[in-house]
Amino acid sequence: MAVEISETLTFECETGNYHTFCPISCVAWLYQKIEDSFFLVVGTKTCGYFSQNSLGVMIFAEPRYAMAELEEGDIPAQLNDYGESKRLCIQIIKNRNPSVIIWIGTCTTEIIKMDLEGIAPKLEAEIGVPIVVARANGLDYAFTQGEDTVLAAVTHRCPERKSSVGGQNQPVQDEELQEFFSFLPPNDENVKKTVVGSQKNPPLVLFGSLPSAVAHQPSSELKRQSIQISGWIPTERYNNLPSLGDEVYVCGVNPFLSRTATSLMRRRKCQLIGAPFPIGPDGTRAWIEKICSVFGIEAQGLEKREKKVWDSLENYLDQVRGKSVFFMGDNPLEISLARFLIRCGMTVYEIGIPYMDKRYQAAELYFLQNTCRDMRIPMPRIVEKPDNYNQLQRMYELQPDLVFTGMAHANPLQARGINTRWSIEFTFAQIHGFTNAKEILKLIIRPLKDNNDFKNFDWTNLVRKDNNSLN
């Protein structure tokens, strides 16, 4: 197929065919991140089966999450929701003594209009333990939206930061982001001088759930640039949530946290730093440089550090350079991963993505476009809510070396001779920062190596045997 080189990114939107994990799967990693929390999923038996089986934790292991199973009487509101919720929460406090209880509302609670938001404040005042309500249900486009919803709810519980002396706010120095968020305050000429002249940078809060070992890396990288981090959302301890206010700068580490970003700006009046996400050495460098530029600090040593990482990846790059990939769309990590793979010398035919907030990912999209120009390759087509049937026809035509897909499509595609890699693996793998770039490449190289082995099974031919041959 002849591919025309496009000078700009092409965006399309199809009918959408969603085969993804339920967003309540966010409980799997958030209950481990917020160590003093307890997650209560309010849903049906199906939600319970999913929570127990797909999350890989048996009931006798006593994890810090549980199911509140809805009954038939809950549908016509014949049962007392408040009384039953109170009984469950008192039992949770008695057995686990959490600092916070997080209610996860499912599809069913949305359909029957269960008033979790109305029950929670009254019950919280009675039992004396904070109750956070998050609607992480299967009506969303991608399972990663579960974390986004929970973090957006947690931001409302962060303490209010007192204004500095004089009460003057420090508007954001991000002109690109201002174009997308018209409700942000206008730029102030004196801010840069104020920031540069101060010995300590303004409060900076990072949001996004990363393992502790991975979260330490961006913190230490910013510390090298003399930038102190005021806190993370979420924190390992609920009572250690950072203070928020109009003088606080916030920056995300994952591309699927647009609700959290909007909540931080509109509700808590924080100043959002729009930067590419720290995935891959190129993204990590751009992320740090953008934060430094907002604070009026000249980044030091990042070019040499990035080059050192690329040099250490040379053996991996030799195995992927010249290969082609196709993203079917399973979580909003696709844009960042595609940008990194293009920088590695790969060709990306199509980036399918379940949904995309162009405002929140503006810096990443701009970075992707510049990366394609620098590498002198065609701009990939970005398809939001892709139709899987149409994608399959395009895959047959393009013949990519590797397809990133959800778990529902992996085996059927493999049986038709299309090499696949589960998209969900990148959600749980350590892919952020300079040192974890090789983990991304390892995930890609493995299926490329296994491709020849699968062909030996003759999966490319669907053979129909005659019934008489069994006799």
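Heads up, the Cβ atoms here are built off N, Cα and C, so glycines get one too.
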Listed co-binder of [4Fe-4S] cluster (same site as C22, C47, source Swiss-Prot) among C89, C107, C158: C107
What same-chain residues, at least 6 away in sequence, bring their CB to under 8 Å of the CB of C47 ([4Fe-4S] cluster binding site)? C22, I24, V41, M67, T106, T108
Other residues near the [4Fe-4S] cluster site, CB within 8 A of the CB centroid of C22, C47, C107? P23, I24, G43, T44, T46, F50, T106, T108, N137, G138
Per DSSP (helix/strand/coil reduction), C22 ([4Fe-4S] cluster binding site) sits in coil
According to DSSP, does C47 ([4Fe-4S] cluster binding site) fall in a helix, a strand, or coil? helix
Within 10 angstroms of the C-beta of C107 ([4Fe-4S] cluster binding site), the count of other C-beta atoms across all shown chains comes to 19
